[in-house]
Amino acid sequence: MLPTLSVFFMLTFVLLCFLGILANGFIVLMLSREWLLRGRLLPSDMILFSLGTSRFFQQCVGLVNSFYYFLHLVEYSGSLARQLISLHWDFLNSATFWFCTWLSVLFCIKIANFSHPAFLWLKWRFPALVPWFLLGSILVSVIVTLLFFWGNHTIYQAFLRRKFTGNTTFKEWNRRLEIDYFMPLKVVTMSIPCSLFLVSILLLISSLRRHSLRMQHNTHSLQDPNVQAHSRALKSLISFLVLYAVSFVSMIIDATVFISSDNVWYWPWQIILYFCMSVHPFILITNNLRFRGTFRQLLLLARGFWVA
């Protein structure tokens, strides 16, 4: 791979992050304005506000981390900066996965059509429990962050003292800790929200697909507005599922496959890691009437300034 291609991927990564920051910032500003005007937010808006906020700061931290690692490869593992950056990144990453999970659960409860008593009870109680679920997610993320911080602090102390177990170098010892501690910790802490997400999103897709087929059979027309609305909802949910799965798998692979910043695949891999949190906000904006209208006006305004 030529250096120019590496520069291309680096610029693509920066553009992707900035687009994600702008999209998430737009969602947060829209909901903040609504919160100030009405004095409260709907349960769905609470989750979107929390998700947008965590993704906004996560991409800012991730952008700093990627370039700091790229510019300070040698001393990165044992630097104090790694501890500070990782402290914020681990908290925001855990919170983001949990907020995505609650968003999928809320979609499932609001849209899916099941007659099971447990589902009906959850449909009735879940909106009132959303603030507690969000608070619980933050507390869980704090605990997860402390567990990751212990590992990062161990690496930092070992780097300062130059004392490693066995006849190994710091790089080998650091890599062993990544495999034996960080990777299992990531799998355990991320599997719970991912399992909830997968169950709720698959139930919702199944319910929507069954309902869409029933409407197509009754109307005998694919041009019916209700059929088209359900088809759009299905496409949106499937894209959400794919992006979430890519994000989960890439996080796990990132803990097992070490890609150094001097590797030709470093910047393409950063693009994959941040792809979901950059693209999904635009899906949320296009599928929300309030967001879509304001966003279109902003684009037209920006286009007018650009032409002028």
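Glycine residues also receive a Cβ, built from the backbone N, Cα and C atoms like all the rest.
Residues or ranges marked as topological domain 'Extracellular' in Swiss-Prot (evidence: sequence analysis): 1-7, 82-88, 150-186, 261-264. Taken from Swiss-Prot, the feature transmembrane segment applies to 8-28, 61-81, 89-109, 129-149, 187-207, 240-260, 265-285, supported by sequence analysis. Per Swiss-Prot, topological domain 'Cytoplasmic' is recorded for 29-60, 110-128, 208-239, 286-308, and the stated evidence type is sequence analysis. For Asn152, Asn167, the entry in Swiss-Prot reads N-linked glycosylation site, with the evidence type sequence analysis.
Here the topological domain 'Cytoplasmic' (29-60) has Cβ contacts under 8 Å with residues 17, 20-21, 88-89, 92-93, 95-96, 99-100, 102-103, 106, 110, 126-128, 130-131, 134, 137, 274, 277-278, 281, 284, 290-291, 294 of the same chain, all six or more residues outside its ends.
Same-chain neighbours of the transmembrane segment (8-28): 48-49, 52-53, 55-56, 59-60, 62-63, 66, 267-268, 270-271, 274-275, 277-279, 281-282, 284-285, 291, 295, 298, counting only residues six or more beyond its ends whose CB sits under 8 Å from a CB of the stretch. At the 8 Å Cβ threshold, with sequence separation of at least 6, the transmembrane segment (240-260) comes into contact with the transmembrane segment (89-109) through 3 or more pairs.
Counted with DSSP, the topological domain 'Cytoplasmic' (286-308) comes out as 20 helix, 0 strand, 3 coil.
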